[in-house]
């Protein structure tokens with residue numbers, strides 16, 4: 001067993017008291033960190049060098065976003081994995097415009113929403129879609145989709161309950177994908193030229209905790225560093241794990257609240273989003289810090305994050 005390095009976070013970087021913070025991502029050109037609050041229908045931006053005083057937040061009307069990513073050649077527009085499909089989000093006006101909806105029927109579409117996703121080194125969009133638990137009970141009607149460079153949308157994996165964190169190793173030959181309901185972090189062989197993921201296998205597994213404790217010990221969002229180690233947020237367990245390319249836990253960040261959702265690199269700092277505590281009576285200490293944004297210096301940088309290059313204009 002390898003030695004496990006431990007970092008401990010004692011206080012938040014920003015005391016936001018959000019409901020379900022997710023999707024952190026950093027844009028180096030603008031020095032802006034962004035994230036979403038899925039339940040509050042909010043999108044937030046922070047200029048890292050300026051800190052809390054630069055915080056900007058948009059509140060959308062009846063729209064939940066799961067992801068926000070750069071678009072090649074666009075300054076004020078971001079790609080958004082939104083409630084009903086794929087959209088663009090204007091960072092100046094806060095306007096959301098759909099260019100592809102998952103389902104033609106609004107009644108059917110209302111049952112789903114986008115969750116986590118990522119963009120590969122060629123600019124393809126990989127986006128998870130799940131049953132919205134604010135509308136219906138979770139079940140395996142979700143999927144992992146990919147929008148190819150020509151703008152066509154295809155299903156990569158179907159019959160999915162909770163598609164979550166996704167990323168690639170430094171050579172773009174392995175794609176990692178967390179599926180929360182199974183407790184599995186999967187690995188796929190990846191062909192960057194065709195965008196094909198194959199040979200799905202379990203790379204790392206977490207045994208789920210009690211359902212009474214709101215599904216603790218669940219794999220959530222992830223980030224990958226330049227040493228090809230995966231930083232995996234563990235929902236319900238107050239931690240982010242650092243997992244080696246061999247699938248061994250070699251590091252652990254202890255976070256002072258239970259529902260840790262997703263990490264993102266800014267230099268050698270890891271910014272970590274969290275959700276509000278689900279049981280404040282039993283876990284009052286966790287409740288104090290739930291829904292806040294945290295930061296931890298980990299001494300290694302993350303891999304480059306890519307911009308969308310897919311054809312999305314009609």
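Glycine is treated like the rest: Cβ placed from N, Cα and C.
Bear in mind that TrEMBL entries carry predicted annotations, made automatically and left uncurated.
Marked as divalent metal cation binding site by TrEMBL: 22, 164, 220. Of all the Cβ atoms in the protein chains shown, 26 others lie within 10 Å of the Cβ of residue 220 (divalent metal cation binding site).
Annotated domain 'SMP-30/Gluconolactonase/LRE-like region' per TrEMBL: 22-275, in sequence order.
Sequence-distant neighbours of residue 133 (substrate binding site) (same chain, six or more apart, CB under 8 Å from its CB) are absent. DSSP assigns residue 133 (substrate binding site) to coil, not to a helix or a strand. Annotation source TrEMBL lists substrate binding site at 113, 115, 133.
If you look up TrEMBL, you'll see 220 marked as active site, proton donor/acceptor.
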Report summary line: Nearest to residue 115 (substrate binding site) by C-alpha distance, among the binding-site residues 22, 164, 220, is 164
Report summary line: Same-chain residues at least 6 positions away from residue 164 (divalent metal cation binding site) with a Cβ under 8 Å from its Cβ, in sequence order, are 115, 116, 128, 177, 178, 179, 180, 219, 220, 221, 222
Query raised in the report: Whose Cβ lies within 8 Å of the mean position of the Cβ atoms of 22, 164, 220, the divalent metal cation site, other than those residues?
Result: 115, 116, 165, 178, 180, 221, 233, 235, 261, 262
